[in-house]
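S.K.: Following this message is one structure expressed as structure tokens.
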Ligand code: ASP
């Protein structure tokens, strides 16, 4: 355990170092190297390395969405057993995710990250803006005629639709379908391992992607990236403090300050591991010991939340979609933005609670609304930093949903929730 944690920390530092080196190299070559030298470096080294990294990430998307979504939906099979609580928590998780991404889109439309009035990036594939589809068509075309074709074409909404039904089918069949579910769960685990392996190459990919962009675009692009990271973090803070604070007060009927006082150590774990899954044990412990939520509820809703509830990830995807559109000088129509809300909300069910899973799913959202997938390269270069913040929002949303549902069932132990907590007991955890 300790070993993997160390490894993770080391990878994070490597990626951040690669980011810094890539920025440095990009600036130096932009300012001091002759244009033909830059062309050569880019053609022979940076472009191939960056492309291999991006392609490896894209490679995982379709099988991952399929397997993780089927597994995610099937993991809700227990809903039948937990009945009302299951229904409430799933509705809460879905609604808050859609709300989070809507806020992200509104704020991004105001701040316009990436729209600095400077040169827009050229998309290698030339802008692929599809005509905005008629809104009803979006729903009609969610239903695949041939799911294999959807997979070949990478039509994500159709794959999602099929995967959800498949997961439901497994749930309904129950015991008999268990072997199949096991296979899917195992495939899911393998795919997550592959993401882990691909991420081992991230320092090289990040170096190549960022230095190539800066080499040709100059430092203007850095300003754009700062704006992107700034807007994502701003929206995440609005979500984690204001939206969740109001939810705690109005829906949970408790004092929000007490929540944050007791919950911050869990947030620190999420921040440092960038993994909702890795945070499950401390989250469970905090829910039961400090917040007064019965284990009966949290043992179901926290792992479920780590699997299907990704408010922070959805925020990142919303801001990233607007950012990429701005950077490429495109405009996202209202329909396309609604499509982002729909796709990202559904995608959050299938986003695994591990580092970088959200950015893999981002390529799917981009694809669905017709934005250039190379845009993901830009966002990828700073994703490590953003991941830490969004994971913190993700797991905070899980705990707050759990608390609200527990209180609505009159199962919240308010004496425990309102009790004072000593600083040492926070630190010991
Ligand atoms: N790292 C996030 C989490 O574990 C998922 C993501 O990459 O957005 O919640």
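Cβ atoms here come from the backbone N, Cα and C positions, even for glycine.
The shown structure was predicted, so the numbers you read here are calculated from the model rather than taken from an experiment.
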S.K.: Of 124-150, 259-285, 340-366, which span is tagged transmembrane segment by TrEMBL?
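M.R.: Spelled out, TrEMBL records transmembrane segment over residues 340-366, not the other listed ranges.
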S.K.: According to TrEMBL, which listed range is transmembrane segment: 12-37, 194-219?
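M.R.: That would be 194-219, per the transmembrane segment entry in TrEMBL.
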S.K.: Under a criterion of three or more Cβ pairs within a distance under 8 Å and sequence separation of at least 6, are the transmembrane segment (156-173) and the transmembrane segment (340-366) in contact?
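M.R.: Output yes: the transmembrane segment (156-173) sits against the transmembrane segment (340-366).
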S.K.: Out of 89-111, 225-251, 304-328, 340-366, which stretch has the largest tally of CB pairs under 8 angstroms to the transmembrane segment (194-219)?
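M.R.: Selected stretch: 340-366, with the most Cβ pairs under 8 Å.
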S.K.: In the same chain, which residue numbers or ranges, 6 or more beyond the ends of the transmembrane segment (89-111), come under 8 angstroms Cβ to Cβ?
M.R.: 76, 79, 227, 231-232, 234-235, 238-239, 243, 247, 300-301, 304-305, 308-312, 314-319, 321-323, 337, 340-341, 344-345, 348, 393, 397-398, 401-402, 404-405
S.K.: Of the listed stretches 53-77, 225-251, 340-366, which one has the most C-beta pairs under 8 A with the transmembrane segment (304-328)?
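M.R.: Looking only at 53-77, 225-251, 340-366, the most contacts with the transmembrane segment (304-328) come from 340-366.
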